[in-house]
């Protein structure tokens with residue numbers, strides 16, 4: 001039960017930080033603060049659904065692969081905008097079942113350069129910067145990360161993928177999730 005309270009506290013600590021004014025921020029950070037404030041106050045609402053993680057078969061034994069949960073069910077909420085250049089920027093908070101079927105909370109910011117293919121179809125490439133917490137890494141102490149992010153979208157739906165790098169026996173996971181703009 002303690003892990004659930006930690007996850008809730010983790011997300012609640014992020015919300016007030018994004019809603020505060022940027023006037024007191026140092027000049028070098030003010031632009032980022034203003035963008036986060038814009039996303040939070042003007043952005044559309046997003047529903048995130050997670051569902052699949054693929055562990056690179058070349059990096060794990062077949063016994064280890066069988067022990068992993070690759071159905072990373074979960075979900076979350078977010079806010080996002082298409083900025084003045086047509087690029088996507090968003091804030092999100094999700095929780096899903098990790099490779100060991102433990103709940104993994106994650107909250108962060110994503111950016112993608114968007115290429116349009118027709119009026120309703122788009123492709124994106126960018127990155128996400130986040131905080132997460134895992135039972136098998138630092139005993140659930142939240143830690144930061146940055147990962148590549150690719151997407152394909154049609155109208156209000158977008159499918160995302162990222163690859164978590166690693167070495168032999170850790171990491172090397174393709175993680176896929178979806179976003180519905182509403």
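Placed from the backbone N, Cα and C atoms, the Cβ positions cover glycine too.
Taken from Swiss-Prot, the feature signal peptide applies to 1-21, supported by sequence analysis.
Residues annotated as S-diacylglycerol cysteine in Swiss-Prot, with sequence analysis given as evidence: 22. Annotation note: residue 22 (S-diacylglycerol cysteine) sits in a coil segment as assigned by DSSP.
Around residue 22 (S-diacylglycerol cysteine), taking its Cβ as the centre, 14 other Cβ atoms fall within 10 Å, counting all chains. Per Swiss-Prot, N-palmitoyl cysteine is recorded for 22, and the stated evidence type is sequence analysis.
Counting only residues at least six positions away in the same chain, the Cβ atoms of 65, 68, 70, 99, 172, 173 sit under 8 Å from the Cβ of residue 55 (active site). If you look up Swiss-Prot, you'll see 55 (among others) marked as active site, on the strength of sequence analysis.
Mapped onto three states, the DSSP output places residue 64 (site 'Role in lipopolysaccharide recognition') in helix. Marked as site 'Role in lipopolysaccharide recognition' by Swiss-Prot: 64.
According to Swiss-Prot, the active site annotation covers 98 (among others), on the basis of sequence analysis. When secondary structure is read from DSSP and collapsed to three states, residue 98 (active site) falls in the coil class. Within 10 Å of the C-beta of residue 98 (active site) there are 22 other C-beta atoms, taking all protein chains into account.
Over all protein chains present, the Cβ of residue 99 (active site) has 20 other Cβ atoms lying within 10 Å. Per Swiss-Prot, the feature active site maps to 99 (among others); the stated evidence is sequence analysis.
Classification of residue 55 (active site) by DSSP places it within a strand. In this structure the C-alpha atoms belonging to residue 98 (active site) and residue 64 (site 'Role in lipopolysaccharide recognition') are separated by 14 Å. Its Cβ placed at the centre, residue 64 (site 'Role in lipopolysaccharide recognition') has 12 other Cβ atoms within 10 Å. Between residue 64 (site 'Role in lipopolysaccharide recognition') and residue 22 (S-diacylglycerol cysteine), the C-alpha separation comes to 47 Å.
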